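Pulled from TrEMBL:
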- Cys122-Cys134: disulfide bond (DISULFID)
- Cys129-Cys147: disulfide bond (DISULFID)
- Cys141-Cys156: disulfide bond (DISULFID)
- 38-104: domain 'Chitin-binding type-2' (DOMAIN)
- 1-20: signal peptide (SIGNAL)
Amino acid sequence: MTSRLAFAAICIALLVTSECARFKRQNDEDETEEKSVEELCENRPPDEYFRLTTDGDCRDVVRCDKADGNIGTRLAGVRCPTGLAFDIERQTCDWKTNVKNCRQVEKPRKVLPNLKTDEPICPDGKLSCGNGECINKDLFCNDTPDCKDGSDENSCSVETDPNRAPDCDQSQCQLPDCFCSADGTRIPGSIEPNQVPQMITLTFNGAINIDNIDLYEEIFNGQRQNPNGCQIKGTFFMNHKYTNYSAVQDLHRRGHEIAVFSLTHRDDPKYWTSGSYDDWLAEMAGGRLIIERFANISDGSIIGVRAPYLRVGGNKQFEMMADQFFVYDASITASLSRVPIWPYTLYFRMPHKCNGNAQNCPSKSHPVWEIVMNELDRRDDPSFDESLPGCHMVDSCSNIQSGDQFGRLLRHNFNRHFNSNRAPLGLHFTASWLKSKKEYKEELIKFIEEMLDRNDVYFVTNLQVIQWMQNPTELTGLRDFSEWKEKCDVKGQPFCSLPNACPLTTRELPGETLRLFTCMECPNNYPWVLDPTGDGFNKRR
């Protein structure tokens, strides 16, 4: 007979039936109530993990799995690797020292509104709160609790927001201003795949300074050209602290795209997920103001943002972006799939699931492009290896340990895109990862040069991707595609070879003296959230 200990292990490691669930509840000293699987799973989302007991080492959780056929609901178990624990609030494994809720069985239950009823219970134009109160439909999901029980703000996902963006309607969504498709895989302009350029975007996150300028100079050395004769280009999502703005100014001069990765890069994912409109305004519009001023970028070309930790800020972030004339976001990830997804506008509902348990994707309609991050397939040999979850940043492909593995990742994912719908292939890096092993940089350069031997691959910026989508052009016409000819082959010297190294302080960062490298005049203070120009807090107009 199977021992009680082995039986409990089977319950966690495989699929937990109602018999297992009753066993666990009966043997949990903190739990006197016996519950069936059906009771445990009532009104519980299928992607929410919870604990059956708070005993043990905080590694084991389950979720409700509504199986097909006559099996009914089961509990699917997950165990974090040794040394990690499961964070109930964030719904992920983390180092045990970082997890503070091991005594918590489940996420707090929120009162939900009554949005689906057999018979209408409210007048037209109104919906029911959880307590039966009726309020205007447009008050739901506006970040202000209007129901007495607060339920109008508790069901606001892309799928459940009563005021969510409508599904794609191609008769109402026309290029150049709007692009959507039911599943996100449609090619703009209905061009045949073999006439679509395979665009590859190289994007880099973080401060630009002496630690990585040499890497960027080596990759973008001015000698590597796309088939139209223009130099290959990259997109740099930069945050403020430790950035050398004279280097940013020169990257912009040479035609690379500069975008915003936030001002503070605050080390708290919840800050970004739950940030207010003013938080996002200060971080992104404030960050752009600093770049424009101290890198002397005055052409209005800083139009993209990426959220730190890729933690999107929901409707508040995108409302701010529209108000501040940001054209695109590049933070939302799409799960690994057979056919990758093209960028889309958010006038209509996003064509894929909001990836990640803690993610806060926009549910409403916004006049903003999303340069979606298609996850990479990181398997060494996709023909034989078992399925693995995809990775959005190359850095997060944790199984890549050698240059050869990295090269296989690049070529396999290129083929995935090239041999299907040729959606842009995004390769997203932090410079420190590329510099961590010389073979990584060498393999990337080898891949770039290999691709440039073809006549159907272009290394472009995110903005250039949007420009092509707004005016889809077949391969045969790309040599004269004017939008990709700007700053085609830039020569010459940087604006200044000896920038000012301004030693500055700010009362927002007490005790710190920070150097600001810029070709412009030194400001009075180190630019920060409340004083992005560095002119001072109380300067009168």
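Glycine residues also receive a Cβ, built from the backbone N, Cα and C atoms like all the rest.
This view paints the features noted in TrEMBL onto the structure.
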residue : record         : CB count, 10 Å
Cys122  : disulfide bond : 17
Cys129  : disulfide bond : 25
Cys134  : disulfide bond : 15
Cys141  : disulfide bond : 23
Cys147  : disulfide bond : 22
Cys156  : disulfide bond : 22
Taking Cα atoms as reference points, which of the disulfide-bonded residues Cys141, Cys147, Cys156 is nearest to Cys134 (disulfide bond)?
-> Cys147
Using Cα coordinates, what distance in whole Å links Cys122 (disulfide bond) and Cys129 (disulfide bond)?
-> 10
What is the separation, in Å, between the Cα atoms of Cys156 (disulfide bond) and Cys129 (disulfide bond)?
-> 13
Take the C-alpha atoms of Cys147 (disulfide bond) and Cys141 (disulfide bond) and report the distance between them in angstrom, rounded.
-> 11
Helix, strand and coil totals (DSSP H, G, I; E, B; other) for the domain 'Chitin-binding type-2' (38-104) | 7 helix, 23 strand, 37 coil
